[in-house]
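Inspection log for the structure reproduced underneath, given as structure tokens.
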């Protein structure tokens with residue numbers, strides 16, 4: 001780890017872990033006309049990659065059918081006049097050009113007018129959350145009053161494309177030590193985190209089993225029903241239930257799974273890593289004053305978003321830097337946060353971030369995370385927003401965060417209303 005990164009880390013972590021409730025918390029709870037608020041946030045079920053309900057459809061189909069359901073549930077003033085939506089941003093990772101053409105087409109087919117501009121975004125695993133930030137920033141600076149953030153991914157149909165996560169063609173870059181680190185497989189970066197920071201296989205399997213147990217319990221209790229919209233498939237069947245969670249998963253049952261990336265001594269397995277998945281999610285945002293004028297419901301409030309860069313070879317540590325940065329930007333501390341939705345790309349990297357920041361495990365992913373639910377890359381950040389707004393209670397504060405391939409981290413803060 002570079003000296004500069006260590007210095008930044010020390011400053012941010014010390015700031016984030018200060019003692020006592022921050023002075024800024026009460027002021028953040030005050031409602032202002034210029035606030036960016038969330039009017040609606042929903043998602044599809046998450047389908048298992050290559051064999052799940054969405055295996056035979058691609059992202060254009062998923063997005064179009066999701067939008068039909070999502071728009072159909074918009075508050076009447078918006079549903080009656082979609083011209084009020086002034087911008088659409090859609091996160092996606094694996095499609096060529098982040099799906100700029102097919103996802104714009106899906107928006108038009110769903111009734112969003114051609115006069116509403118569209119932008120395709122790809123910041124790898126944070127793409128869905130980056131779309132939320134893109135719309136929020138445009139509202140903040142006065143470019144728009146209402147916007148729609150989306151995230152969609154079909155890992156089934158696009159993950160096996162030639163070089164789906166990019167390539168380096170320049171011979172000069174191929175010889176450059178730092179540049180080559182961007183091509184390190186994600187599983188190997190997680191092995192680096194586990195080895196460098198001494199995250200044991202046992203701890204990883206226990207964390208993963210806990211994720212499965214929480215997700216299966218939440219699914220059985222119907223806690224996801226309010227956030228999941230049904231997707232009608234070409235054969236007429238309906239998918240509206242997550243396919244990843246399963247019963248009777250224990251650390252012991254996971255311990256028998258072989259390492260996936262480093263034979264014999266590796267600790268990363270299919271059981272303690274996120275699932276390859278397909279899914280779509282959407283977040284509708286507005287300026288509070290406009291939402292009030294239109295009598296739109298307010299689920300929560302967007303507060304801030306921050307990203308950081310970290311060494312690509314240990315990219316999973318990203319949230320350990322992004323979370324302190326967004327907390328510092330808002331004057332908050334770790335203990336001010338009621339729930340953390342930290343994407344479980346891998347158990348080792350999630351555990352490192354949780355331990356480094358001194359986060360109470362009971363506050364992390366109370367309904368399970370990507371290990372149990374799945375991680376459709378471009379969808380995940382938007383999905384996490386839909387989830388955390390159901391987990392939080394009135395006036396509680398939540399953080400959504402994830403690591404990002406090639407060495408980054410992102411984090412955002414939301415308040416429930």
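Each Cβ is built from the backbone N, Cα and C atoms, and glycine gets one as well.
These figures come from a predicted structure and were not determined experimentally.
Sequence annotations record features per position, and here Swiss-Prot assigns active site, acyl-thioester intermediate to 125. Close to residue 125 (active site, acyl-thioester intermediate) in the fold, though at least 6 residues off in sequence, lie 93, 343, 345, 375, 377, 380, 381, 402, 403, 404, 405, each with a CB less than 8 Å from its CB. Residue 125 (active site, acyl-thioester intermediate) falls within a strand when secondary structure is assigned with DSSP.
Residue 375 (active site, proton acceptor) falls outside any helix or strand according to DSSP and counts as coil. Here Swiss-Prot flags 375 (among others) as active site, proton acceptor.
Swiss-Prot lists 403 (among others) with the feature active site, proton acceptor. In the shown protein chains, 34 other C-beta atoms lie within 10 A of the C-beta of residue 403 (active site, proton acceptor).
Per Swiss-Prot, the feature region 'PTS2-type peroxisomal targeting signal' maps to 1-15; the stated evidence is experimental evidence. In this model, the region 'PTS2-type peroxisomal targeting signal' (1-15) carries an average pLDDT of 56.
Annotated transit peptide per Swiss-Prot: 1-15, in sequence order.
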DSSP three-state assignment (helix, strand or coil) for residue 403 (active site, proton acceptor): strand
